[in-house]
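As annotated by Swiss-Prot, zinc finger applies to 13-30, with the evidence given as sequence analysis. Swiss-Prot lists 44-153 with the feature region 'Disordered'. Annotated phosphoserine per Swiss-Prot: S52, S96, S97, in sequence order, evidence recorded as similarity to another entry. Feature annotation from Swiss-Prot assigns compositional bias 'Basic and acidic residues' to 66-84. Here Swiss-Prot flags 85-94, 106-141 as compositional bias 'Basic residues'.
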Amino acid sequence: MAVPGCNKDNVRAGCRKCGYPGHLTFECRNFLRVDPKRDIVLDVSSTSSEDSDEESEELNKLQALQEKRINEEEEKKKEKSREKIKLKKKRKRSNSSTTEEDSSKQKKQKYQKKEKKKEKKNKSKKGKHHKKEKKKRKKEKRSSPNRSEVTKK
C-alpha cells in the first residue's frame, strides 16, 4: 500500500544540494562551484562567519589561479597564431623571390597563347567572310549572263 509519509501534500520540492525547500537545485546559492571544469563544490551554508574570511581568501586565490591559467592559454593561442602568420609570410616571400623568373616566363607564355587565339579567331572570321564573298560572286556570275542575254534580245 502507500507509505504513510509520502503524500503529495507532505512532499515539498526543494534543493537536492542543501536540502532547503524554497529554491531548486540549479538556483542553490549555498554551494559555490570553484572550478567550472571540475566538480569541486564548496558548501557555504555549513560554514561559520569566522571561517568565511579564510574561505573567501581561498576562493580569491583559486579564482586568481584560474584567471592566470585562462590568460596563459589565451597568450599561447595568440603566440601560435602569430607564428602561423609569420610562417605564411616567410613562405610567400621565399616563393616570390625565387620564382620571379618563372612568373615572367609564365606571363610571356600566357601572352603568346592569347595572341595565338586572337590570330585563330581572325583567320576564322576572314575565312567566313571570304566564303560569303565567293557565294555572292557566284550568284552574280550566274545572274550576270542571264542579264546579258536579256539585254541582247
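The backbone N, Cα and C atoms fix where each Cβ goes, glycine too.
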PLDDT averaged over every residue in the zinc finger (13-30):
73
Please list the DSSP helix, strand and coil residue counts for the zinc finger (13-30).
3 helix, 2 strand, 13 coil
